[in-house]
Amino acid sequence: MTAHVEQREFQAEARQLLDLMVHSVYSDKDSFLRELISNASDALDKLRLESLRNKELDVDTSDLHIELEVNRDGRTLAVRDNGIGMTREDVVDLIGTLAKSGTAELRQRLRDAKQASESDELIGQFGVGFYSTFMVADRVELLTRKAGESEATRWVSTGDGTYTVESVDDAPQGTSVTLHLKPEDAEDELHDYTSEWKLRELVKKYSDFIAWPIRMQVERRTPPADEGGEETVSVETQTLNSMKALWAKSKDEVSEDEYKEFYKHIAHAWDDPLEVISMKAEGTFEYQALLFIPSHAPFDLFTRDAGTGVHLYVKRVFVTDDCDQLIPRYLRFVKGVVDAEDVSLNVSREILQQNRQLTAIRRRLTKKVLSTIKTLQSERPQDYRTLWTQFGAALKEGLMSDVDNQDTLLRIASFASTRGEDELTTLADYVQRMPEGQTQIFYATGQSREQLLKSPHLEAFKAKGYEVLLLTDPVDEVWTGSVTEFDGKPLQSVAKGEVDLDTEAEKAEHEAEREEQQKDFADLLTWLKETLTEHVKDVRLSTRLTESPACLITDNFGITPALARMYRASGQVVPVGKRILELNPKHPLITGLQQAYAQRADDDSALDETAELIYGTALLAEGDVPEDPARFASLIADRLARTVQ
Ligand code: ADP
Ligand code: MG
């Protein structure tokens, strides 16, 4: 074996985050201990599970525990576990890079965070796990040996952008992290992490519920037996945590802080939970559940591999944190624990896949989470608003995948609308406000509120004073295709199908005018349809435009271009659906074109170009790009040239 010491650089984002830690003024420095204990506890869970699954693994699991070791003179604090341990590759991958990185957001925020207060917030939001040690230590050593392997790894860093790794022959199985504490904290009682009392307090506060014993050697002083005798000092090992499972207690036995700390451990999160849900089911399937609704969305909520957040325990013992049978995917932001009494669940993944009991639990959890959100909505509007802003886009996925709860989901959903900039409205409130004569719930889908408000599709609704829901999450393109009504009122896209907002009286009034228009424009429409046949499947007169000359409409059951783009981006093939071009018969461009067409010469190519331009501008008006932008630009330039001659 080589004693070769390799020096390596942290990955760029990891380096930035470390730098934040080293210079941190984060008010909650103490939390480093929670992070180390949390990692140690995870490592013990993993080892226990591995030893059950892999009988070949030759490890002693009879005394799994965590140990704190203090050296007051040397000012070090070590946290050890005899858990699963890491290989050299694990160390480089897991500690040397920011495992949770890769999102543009974190990178951007790191770049922007200059002020100390901002970085404080960043730490609190993203959480920094192992790196939090650099808030209190100026040198961190990690020595680890993976269960079943003989070679161990030592990793050392001062948090300055580089670290060293070396393979070593001899180390106990598991991981120990030794912190060389910063000298400036030595005199500060609040931050003296070599003090027995400080450590006791921190374990009690942050990690009391940890299921493994957290031990520490303490000095026990016995007063002299008689006058003139000597005080005796002995050393004994104590367990600092109660190891009580919080989910087994009723809600009034647990303090808010205890729930918060448990949430942070189980969710690997740094925010506070918005709501705690405690459940107990008795009868055929017995289980207890403790669930948390976070107050911040993790930044990987919408990446494909975002895992689920509910851990499965059986009779107090951790089984898996990766059981997607326990909670539907659209509730993946919910974190917590389900502890079942049925030991058969303790077996293999395959069994978990098709277990009736898990299906029943999942149904109950789903109902409970949704009803909790409903209660928040009526009783704590501010918190509901936070929840919807953070997780609404995920919840809306349920409108498609969870038909049983579709109605509940529609009721707890809220949407932006043309009514007010900052307000969200529920569908029920929208329906309440619908004026006499309005029979449908109108919505527009698109990229942003600003873009939608300018869209020609909205003109008639604005003119009429009808409220339109403005849906700007990508998922809105999808669920609106499968949900057709709410409370008996059809949902209608402003960019789809025919729109007729006239009342019966208005219809009668406009009838003659409409007939006249149909006659006048008939030839033009036929010609346009032919000319643009490559692009559109029909050309007709519009009743939805008041200002723009033209717009493009999708069939009521057709696929919108945005949806087609989404399908294509995810690798699915979708047929190119042609749309319908609607013309505003009162717009000077359209009436002018109609006259020009009536008086055309035989080979009038300028007219063809006008048709193309009208189609292209309709695309532009909805924020899209003409199919051949260069050609479109040159057609416009030619026209403009004539206006300045
Ligand atoms: P997180 O715990 O949220 O994944 P951390 O920064 O706390 O992030 O830890 C990064 C990873 O390093 C862990 O996911 C784990 O794989 C590994 N790790 C950290 N501490 C230990 C330990 N004591 N034993 C085994 N693996 C560990
Ligand atoms: Mg961690």
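Note that Cβ sites are derived from N, Cα and C of the backbone, with glycine treated the same way.
Just so you know, TrEMBL annotations never went through curation; they're auto-generated.
Straight from TrEMBL, the features:
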REGION    1-349  region 'A'
DOMAIN    28-185  domain 'Histidine kinase/HSP90-like ATPase'
BINDING   E35, N39, D81, M86, 100-102, 125-130, T175, R349  ATP binding site
REGION    350-565  region 'B'
REGION    566-645  region 'C'
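Around V128 (ATP binding site), taking its Cβ as the centre, 25 other Cβ atoms fall within 10 Å, counting all chains.
The secondary structure of F130 (ATP binding site), as reduced to three states from DSSP, is helical. Along the region 'B' (350-565), the predicted structure has mean pLDDT 91. Ligand 2 lies under 6 Å from the Cβ of E35, out of the binding-site residues E35, D81, V128. Close to ligand 1, meaning a Cβ under 6 Å from one of its atoms, are these of the binding-site residues D81, V128, F130: D81, F130. Each residue of the region 'C' (566-645) gets a DSSP state, and the totals for helix, strand and coil are 48 helix, 5 strand, 27 coil.
Around F130 (ATP binding site), taking its Cβ as the centre, 18 other Cβ atoms fall within 10 Å, counting all chains.
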